[in-house]
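**Student:** As listed in TrEMBL for this protein:
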COMPBIAS  1-11  compositional bias 'Polar residues'
COMPBIAS  12-24  compositional bias 'Basic and acidic residues'
COMPBIAS  257-268  compositional bias 'Basic and acidic residues'
REGION    1-24  region 'Disordered'
REGION    235-268  region 'Disordered'
TRANSMEM  275-295  transmembrane segment
């Protein structure tokens, strides 16, 4: 018993960032080996699904950043408080306005699994703020690591503007060097003061954070297989709204013709069955988690 406890204490003496990577390795591999990630890497994603996933991410980051602001001066989180560099809510708002229009707040859905994730974030922030670092690390460093790869895939697959509209989520303007920033973030996180019991709880929360991400797309898959909508649209709404109708078009054909051509391209990209459309949406969620964490 004593030997086992000694071994456990020695293993927990590692840096928190390394322990977190090890703790989530198994669940990460589960996501990495799903067909969803492979589909997205092939560029098999439609604009409709991309919009729905962006909406879910908005609810998740709104909750996360609300709790971060609540605890920004708390010593259990303050050292890793980097709002200018990492926070994603404002970027997601830009993307949603681009995709849905000015009334996007009234149009975006919040599935039950997403709401469950949101509730966990609020619970942690209000009751166990020392665990908030697990969610922040899992999301932000994952997004920062895999963001550029995902951005290029989405931009090409969905034929989004080269100027970056609709992809603000993947753009970290406050981070000039991702590698150096991640090193800084890890060093700050590793310096957080916590006892052995707290460290174990943080690692368990990191695994829970990963599972909550996975549960979001698993719940959508189950919803489709049962043929139940629960308020989450299966058939696509009107696709990408053109933002340049009344603006000079500097390159290429006139706005009207380009708008028609863009809409045709986006319509042609849509899979032919609701099931396939949802499966491709789920691939984006799996890839967002798996590719990002792989690079952390």
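A Cβ is built for glycine as well, from the same backbone N, Cα and C atoms used for every other residue.
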**Student:** When you scan the chain for residues with a C-beta under 8 Å from the compositional bias 'Basic and acidic residues' (12-24), skipping those not six or more beyond its ends, what do you find?
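**Tutor:** Distant contacts of the compositional bias 'Basic and acidic residues' (12-24): 133-134, 137-138, 186, 189-190, 192, 194, 196, 199-200, 202-204, 206-207, 210, 293, 296.
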**Student:** What are the helix, strand and coil residue counts for the compositional bias 'Basic and acidic residues' (12-24) according to DSSP?
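**Tutor:** Computed counts for the compositional bias 'Basic and acidic residues' (12-24) are 8 helix, 0 strand, 5 coil.
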